[in-house]
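**Student:** Before anything else, here's the structure in question.
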Amino acid sequence: MAESNSWRSHRESDGNRSIPNGDDARNVRETGVQTDAKVQGQGPRLSKANLFTLLSLWMELFPKREACQQENDAAGVSGLVVVHECRVLGLHCSSAQLHAGQVAVVKHGPRLKSCELYFSRKPCSTCLKMLINAGVSRISYWPGDAELSLLSESLHHGSSSALQEAVLDATAAERLKSNSRPHISVLLQPLDCTVLQFLDETSQNADFLGKIVADNPALDTGDIYRREFWNNSDNFLEKFFISDEERHKYVLNKMGLENFCMEPNFSNLRQHMRNLIRILASVASSVPALLEDYGFFMREPVGMGSPGLPQGVIRHCVIQARLLACRTEDPKVGVGAVIWAEGKQSQCDGTGQLYLVGCGYNAYPVGSQYAEYPQMDHKQEERQNRKYRYILHAEQNALTFRSAEIKAEDNTMMFVTKCPCDECVPLIGCAGIKQIYTTDLDSNKVKHDISYLRFNKLNGVQKFIVSVREK
């Protein structure tokens, strides 16, 4: 695990080196999902490209009730994020029947036109030709192994014919790329030097860990977080990182990424991949997996309403919301929210019957420039110069920019990283949300200009709160 141990002594400045990819990331003026803002002046936050890339990696790990092995080939599971005009239309992963790209075509069809797609693996030629034909504007992918694995030991039974097919498919995919209109590339943007440390700190201080420690003062948040972090780090590096440099160069060459094999591009690429994996490990560690019998359990009697989701799926969705919070425009109180619904019929997606309704994070109104609105909290004595009346909450943005309508017949669920405030509770109740998964650490509290008194009084919505499993 030499690669894993290398972060302990890594220089954060390495993650800031620009990665050549046709666009100079340092000279691109980033347009936020909400606020138009240059990198200068903003607090530490993930870029859109890095956020969507991390979401695609995380979707590859979506828990499945049964093993997902494609029936018709040796393709590995891929995660996919579908984005249109900075709005997330879908979070997908491969199923037993379909690759992630095929899932997108079936689920979105003509709505894929002008969309940006972020894959956790370079898609195969079968998916690429369909997506190009659908008129997508950009296809970005993680620079690890391809969907049809180019690493022989990753293939089932180590079949040489399967490896040969993977090489032929990589050649066909490269030809499709060179002759297509969409921009197909690796899109990893430089990290601000403070992002890694900031996200480590905010993950360690997340409400989910805070709830566990509040109930058990003898526990140490730092110890819990570090144990989870190093476990996640090892697992994610094994999953998403090719530790052997020569084998990594072989894969990059087969995928048409020869420029990345030359120094300093190669070292910069690998350092940036490690940094993003570290962020994913950090965020995932903020929601421990059933630590000390903790999980998301319903307050009401079990007989009321729909049954809750499996704990693994709940945790996965909450971590999606935590990743969204990394893009917040209020880094002091970053909040993320994601809405999923459970349909009645089996779907082609690797998420089973679940489909994305919407997602968001707290941010200022669309189109506003940085510092147009107050940034200060209660420390600003003049109340009219505080941020609270201007910033949109994560729950509000998830409902406003939803990609699907909320259906009365489906079980619609919201996953949010903090207890909903009194401004959001009525919206959640009236929108048709049937279940909410969150923490009640702030419930029944008043914090200066924001209160949390109405959450416990929210009727008609099942509340699944971080708590100890009943014996």
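Note: Cβ is positioned from N, Cα and C throughout, glycine not excepted.
Worth saying up front: this structure is predicted, and the values here are computed from it rather than measured.
OK, Swiss-Prot features for this one:
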REGION    1-27  region 'Disordered'
DOMAIN    57-153  domain 'CMP/dCMP-type deaminase 1'
BINDING   His99, Cys124, Cys127  Zn(2+) 1 binding site
DOMAIN    312-460  domain 'CMP/dCMP-type deaminase 2'
BINDING   His393, Cys421, Cys424  Zn(2+) 2 binding site
ACT_SITE  Glu395  active site, proton donor
**Student:** Quick check on the domain 'CMP/dCMP-type deaminase 1' (57-153): DSSP residue counts for helix, strand, coil, in that order please.
**Tutor:** 29 helix, 21 strand, 47 coil
**Student:** List, in sequence order, those binding-site residues among His99, Cys124, Cys127 whose Cα sits within 10 Å of the Cα of Glu395 (active site, proton donor).
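**Tutor:** Cα filter at 10 Å returns nothing.
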**Student:** Determine how many residues of the domain 'CMP/dCMP-type deaminase 2' (312-460) DSSP places in helix, in strand and in coil.
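**Tutor:** Helix (H, G, I), strand (E, B), coil: 40 helix, 34 strand, 75 coil.
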**Student:** A 10 Å Cβ contact count, applied to the binding-site residues Cys127, Cys424: which residue has the minimum?
**Tutor:** Cys424
**Student:** Which of the listed binding-site residues (Cys124, Cys421) has the least company, meaning the fewest other Cβ atoms within 10 Å of its Cβ?
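**Tutor:** With the binding-site residues Cys124, Cys421, fewest surrounding Cβ atoms within 10 Å: Cys421.
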**Student:** Can you give me the residues near the recorded Zn(2+) 1 site, meaning same chain, not His99, Cys124, Cys127 themselves, Cβ no more than 8 Å from the center of the site's Cβ atoms?
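**Tutor:** So the extra residues in range turn out to be Ala75, Ser78, Ala100, Gly101, Gln102, Pro123, Ser125, Thr126, Leu128, Glu147, Leu148.
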**Student:** Would you please pick out, from the binding-site residues His99, His393, the one with the fewest other Cβ atoms within 10 Å of its Cβ?
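**Tutor:** His393, out of the binding-site residues His99, His393, has the fewest neighbouring Cβ atoms within 10 Å.
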**Student:** In whole Å, how far does the CA atom of Cys424 (Zn(2+) 2 binding site) lie from that of His99 (Zn(2+) 1 binding site)?
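**Tutor:** So the Cα of His99 (Zn(2+) 1 binding site) lies 37 Å away from that of Cys424 (Zn(2+) 2 binding site).
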**Student:** I need the CA-to-CA distance for His393 (Zn(2+) 2 binding site) versus His99 (Zn(2+) 1 binding site), whole Å please.
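**Tutor:** Distance between the two Cα atoms comes out at 34 Å.
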**Student:** Quick one: of the binding-site residues His99, Cys124, Cys127, which has its CA closest to the CA of Cys421 (Zn(2+) 2 binding site)?
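**Tutor:** Result for Cys421 (Zn(2+) 2 binding site): the nearest of the binding-site residues is His99.
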**Student:** Taking the mean position of the Cβ atoms of His393, Cys421, Cys424 as the Zn(2+) 2 site, which residues outside that list, in the same chain, have a Cβ no more than 8 Å away, listed in sequence order?
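**Tutor:** Here the non-site neighbours turn out to be Ala394, Glu395, Gln396, Pro420, Asp422, Glu423, Val425, Leu427, Ile450.
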**Student:** Inside 10 Å of the Cβ of Glu395 (active site, proton donor), count up the other Cβ atoms and send me the figure.
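**Tutor:** Total other Cβ atoms inside 10 Å, all chains included: 29.
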